[in-house]
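The structure under discussion appears below in the form of structure tokens.
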Amino acid sequence: MSSCSLSPYRPIYVHINNKFIGIKSINLQFSSQFPYKSTNRKLFRNVSSNSGSVGLRTIVGCRVRTGVSSNDKSFDLAPNEDEALAPNFLEFITSERVKVVSMLALALALCNADRVVMSVAIVPLSLAHGWSRSFSGIVQSSFLWGYLVSPIAGGTLVDYYGGKIIMAWGVALWSLATFLTPWAADTSLLALLAMRAVVGLAEGVALPAMNNMVARWFPQTERARAVAIAMGGFTSGNAIGLVLSPILMSQAGIFGPFVIFGLSGFLWVLVWLSATSSTPDRHPQISKYELEYILREKQKPLLMGNKHKPATVIPPFRRLLSKMPTWSIIVANAMHSWGFFVILSWMPIYFNFVYHIDLRQASWFSAVPWSVMAFTGYLGGLLSDMLIQRGTSVTLTRKILQSIGFIAPGIALIGLTAAKSPVMASAWLTLAIGMKSFSHSGFLVNLQEIAPQYSGVLHGISNTAGTFAAILGTVGAGFFVELVGSFQGFLLLTSLLYFLSALFYIIFSTGERVNFDEAAL
């Protein structure tokens, strides 16, 4: 009698000579690799015939013999005749793929913490060097100089070399630049500006690398949740940087946060390189049950390994930009970045200007929504995956989530302009930022679906458009308020842009793979 291993993920029909038969008894010798002792999981499938029915356990990749078959026939399996059983919540959160996306979330948290630390340090630095408010803005914007350049190049490298190695180089470089910022500030203003530009240059690869790793490690029915977990780290980085930086400065001086965050990045790189792999099939510790589930659930097995690598490092930019689904993602990312940076940069001043509260209180009113965003982002991912698992098309699912992520913030910003108290204003702001995170399960996941082989460079292109939009929105808000004298007017303009961007995405987006081998006529 042969041994066989059981998989918790998929029920398999057992048959003799390609026909289902009833069996009165089956003697199986199971291997010790079967990890589930509980009968709570649905691991049985009834097989009926004229001779009766019997429950059969899930059997994967093996042949077994019966004790009652007339000719001691071998039982075979039908590997493609049923859908895979999805892992339960405990299996999901303890899986190797969730450990990978958790490391990605931590990297993105460091990414944003290193980004916003200058927002806190700029106040004492301005006082120490006698910088004007406008010049302080130039110092802060130096990050965007590098960030504007790298997403497309970084995304191209991610598509060719994979997310693991590019993410490692990115974190190492921006951590080194963050660590050296104190030295640069003491050396010269030019050195400081250059170092912050290097931080932006290195951080430009973070989101494309994240998207690449999620596409390789997660089946389509789990990608929205995976992106939500990763982006939860991204948004939490704002809160981490804003909360920890003043504390570290009080204990270790102005440059304390730069040193601590830089060293944390080096530690992350060591763990990342030693504990993860670029694809599931190369991971030394992944269980064969999880690997079988990932491979079986992937609709496009070419996502695995080098088969998915583009033929050339230079992507077909012209063909990529010839398709309207590409432009739906570009417009969505641009609007997402516009809203993100306008709120991040101007809301503390908005509370001070409109409600006349001091900047310390204003910062707390503005910080609460970012913590909420990480939680609501996961809810959006859960909703997205649930809709797909229940049969909703991927295209409709992405449009639903993106619509929530843009229309709800647009409505909330209208409510913000009408709020009479800072508490109500903070509530509307929390709703706007919280619902905005649903778009992570819209356009951000959509990148992997329309062009998995070019998801990195597409993310880079859309991120570059988003950076332009962030600069335009952040700078434009200041000029708008000076000319019109109203923050509320700019918020209403942003609300209108949210509605128009949602409409554009609804009309032109798709959840199906797009053929970029031929340019649109």
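Keep in mind that glycine also has a Cβ here, set from the backbone N, Cα and C atoms.
All annotation found in TrEMBL is predicted automatically rather than curated by experts.
Listed in TrEMBL:
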type	residues	note
TRANSMEM	100-125	transmembrane segment
DOMAIN	100-513	domain 'Major facilitator superfamily (MFS) profile'
TRANSMEM	137-158	transmembrane segment
TRANSMEM	165-185	transmembrane segment
TRANSMEM	191-214	transmembrane segment
TRANSMEM	226-248	transmembrane segment
TRANSMEM	254-273	transmembrane segment
TRANSMEM	327-347	transmembrane segment
TRANSMEM	367-388	transmembrane segment
TRANSMEM	400-419	transmembrane segment
TRANSMEM	425-445	transmembrane segment
TRANSMEM	457-481	transmembrane segment
TRANSMEM	487-508	transmembrane segment
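Against the transmembrane segment (165-185), stretch 100-125 has more CB pairs under 8 A than any other of 100-125, 137-158, 487-508. Counting Cβ pairs closer than 8 Å and at least 6 residues apart in sequence, the transmembrane segment (137-158) and the transmembrane segment (367-388) reach fewer than three and form no contact. Simply put, out of 100-125, 226-248, 425-445, 457-481, 487-508, 457-481 has the most Cβ pairs sitting under 8 Å from the transmembrane segment (327-347).
Note: the stretches the transmembrane segment (457-481) and the transmembrane segment (191-214) are in contact (3+ CB pairs below 8 A, sequence gap of 6 or more). Same-chain neighbours of the transmembrane segment (191-214): 100-101, 104, 107-108, 111, 114-115, 118, 139, 142-151, 153-155, 157-159, 162-164, 166-167, 169-171, 173-174, 177-178, 180-181, 183-185, 223, 226-227, 230, 234, 278, 444, 447-448, 455-457, 459-460, 463, counting only residues six or more beyond its ends whose CB sits under 8 Å from a CB of the stretch. Mean model confidence for the domain 'Major facilitator superfamily (MFS) profile' (100-513) is a pLDDT of 84.
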